[in-house]
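K.L.:
A single structure is presented below for examination.
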Amino acid sequence: MELSSPSREECPRPQGRVGIMAASLMGLLLLQAASWASGARPCSPKSFGYSSVVCVCNATYCDSLDPLTLPDPGTFSRFESTRSGRRMELSLGTFQANRTSKGLLLTLQPDQKFQKVKGFGGAMTDAAALNILALSPQARNLLLKSYFSEEGIEYNIIRVPMASCDFSIRIYTYADTPDDFQLLNFSLPEEDVKLKIPLIHQALKMAQRPVSLFASPWTSPTWLKTNGAVNGKGTLKGHPGDRYHQTWAKYFVKFLDAYAEHNLHFWAVTAENEPSAGLFTGYPFQCLGFTPEHQRDFIARDPGPTLANSTHRNVRLLMLDDQRLLLPHWAQVVLADPEAAKYVHGIAVHWYLDFLAPAKATLGETHRLFPNTMLFASEACVGSKFWEQSVRLGSWDRGVQYSHSIITNLLYHVVGWTDWNLALNPEGGPNWVRNFVDSPIIVDISKDTFYKQPMFYHLGHFSKFIPEGSQRVGLAASEKNNLDTVALLRPDGSAVVVVLNRSSKDVPLTIKDPALGFLETISPSYSIHTYLWHRK
């Protein structure tokens, strides 16, 4: 990446020892300033011919950030990523008492309060774990630090598949012995014990913030299913409350027990990953079908009371875990029944059909109907559609898709946003049905190298700066504009504003904080910025 400098006058050569010392000191200060301005270690860029670059990491080098500190009162920090190659680069500025520029004005409205944030993260699938563990210990450590440490983007959510999914290299459940209704042969295989669990522990040790785990099942054991297969059209045999449904509910408790024995405890479970998938003939990978009515009765009679009467009564239960296109209908069916509703903490949504389902008509309407049931984005990835290339190393647009989705979700009351695989190989796998997709980190095992994509940094513009407990507040625009913007107040009282410019035009703008004054800035074309300042 070439860095251009502004034109400048030549400085006269310093004379004598004092001059040399002054020049040396100035050089050191400039170097230090450059280090401060670009994080602890800058991106090592590489282009693969797409719209932007990846940052290359290996056993000896990886770009990193400084631990986050609040700027001095009356000043702000600005973190910038651009299509041209900047990656979360820090600069500082000062609030002004008066506004001097024209154009767009964004006014912080701290008294207009909305949802509190749970957090941001990704999924520790079998595929992700296999790729991460294939790296040398040094490179692996840097990858996990990039996601979870203060030097990285500080994820605080990890999704854990319950047994196999498409991003596994074999098909298995935790209870494959037929007719084992007491689940006496339930056990965690090597995928959990040797892959996922050690990596999750390593991530938790690195994190300065508490990390919340949530789990989702793809399929039950085949002997509990109507079609006797992990995939295709099939549901649980029988009806809610019977031994098939009760056994499946007990399976959740057994899973939580097994992970607790490894000292891992869960914040939440989802009732089923994409329950609509198992209603389709020929569905290619692990699934278990539920209609909304079936899920309603299942929650009310099986996992709801089973979890409530177990040692895991504090584990939250999330319904849906499927496309938001199914809202508000699914919520209306499930939550209309008080017996089901009392067990449901939240509604999990996936992003894959968002282009068919406007946020206002789905998320907005669901929040209007059920304001006390939280909305949570539980899965997203790019490259899954049949017309999309699986992996596009360095694609800026794919990062933009992430940040645009996160801002839209935040504006419509969603409390968290979860990416899919934490890491994949250059093909977008492994995946046993070859359902290859993209990931914010791509691992090239042959070179003991991993690539941090624009998606990684777009996510980081939220995850690093918006800790759990932050609350979205109002941000009023003086005129119609093409920027995506959102504002939040952190638990420490500081303010965060994220500005995404998806357009080809630079946009001059001013952010007004009624308590401090005016922050005058520019949102360059194809850029994302996070602004942070102290309000107390």
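Placement of Cβ uses the backbone N, Cα and C atoms for every residue, glycine included.
Grabbed the feature section from Swiss-Prot, which reads as follows:
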- GLU274: active site, proton donor (ACT_SITE)
- GLU379: active site, nucleophile (ACT_SITE)
- CYS43-CYS55: disulfide bond (DISULFID)
- CYS57-CYS62: disulfide bond (DISULFID)
- ASN58: N-linked glycosylation site (CARBOHYD)
- ASN98: N-linked glycosylation site (CARBOHYD)
- ASN185: N-linked glycosylation site (CARBOHYD)
- ASN309: N-linked glycosylation site (CARBOHYD)
- ASN501: N-linked glycosylation site (CARBOHYD)
- 1-39: signal peptide (SIGNAL)
K.L.:
Please name which of the recorded positions listed here, CYS43, CYS55, ASN58, ASN185, GLU379, is nearest in space to ASN98 (N-linked glycosylation site), Cα against Cα.
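P.N.:
Spatially nearest to ASN98 (N-linked glycosylation site) by Cα position is CYS43.
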K.L.:
Around ASN501 (N-linked glycosylation site), which of the listed recorded positions (CYS55, ASN58, CYS62, ASN309) come within 10 Å, judging by Cα atoms?
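P.N.:
Final answer: none.
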K.L.:
In DSSP terms, helix, strand or coil for CYS55 (disulfide bond)?
P.N.:
strand
K.L.:
To the nearest whole angstrom, state the Cα distance for the pair CYS43 (disulfide bond) and CYS62 (disulfide bond).
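P.N.:
One finds 7 Å between the Cα atoms of these residues.
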K.L.:
Could you state the CA-to-CA distance between ASN58 (N-linked glycosylation site) and ASN185 (N-linked glycosylation site) to the nearest Å?
P.N.:
41
K.L.:
Cβ distance under 8 Å to CYS55 (disulfide bond), same chain, sequence separation 6 or more: which residues?
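P.N.:
When sequence neighbours closer than 6 are ignored, CYS55 (disulfide bond) has CYS43, SER44, PRO45, LYS46, CYS62, ASP63, ARG87, TYR451, LYS452 within Cβ distance under 8 Å.
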K.L.:
Report, as a single number, how many Cβ atoms besides its own are within 10 Å of the Cβ of the residue listed as 'active site, nucleophile'.
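P.N.:
Its Cβ shell of radius 10 Å holds 24 other Cβ atoms.
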K.L.:
Spatially, which candidate from the recorded positions CYS57, GLU274, ASN309, GLU379 is nearest to ASN185 (N-linked glycosylation site), comparing Cα atoms?
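P.N.:
Of the recorded positions CYS57, GLU274, ASN309, GLU379, ASN309 has its Cα closest to that of ASN185 (N-linked glycosylation site).
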K.L.:
Please report the distance from the Cα of the residue listed as 'active site, proton donor' to the Cα of ASN309 (N-linked glycosylation site), rounded to the nearest angstrom.
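P.N.:
Distance between the two Cα atoms comes out at 26 Å.
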K.L.:
I'd like the number of other C-beta atoms within 10 A of the C-beta of ASN98 (N-linked glycosylation site), please.
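P.N.:
If we count other Cβ atoms within 10 Å of ASN98 (N-linked glycosylation site), we arrive at 6.
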K.L.:
In sequence order, what residues of the same chain, 6+ apart, have a Cβ less than 8 Å from the Cβ of CYS57 (disulfide bond)?
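P.N.:
Listed in sequence order: SER44, ASP63, ALA139, LEU142, LEU143, SER146, THR449, PHE450, TYR451, LYS452.
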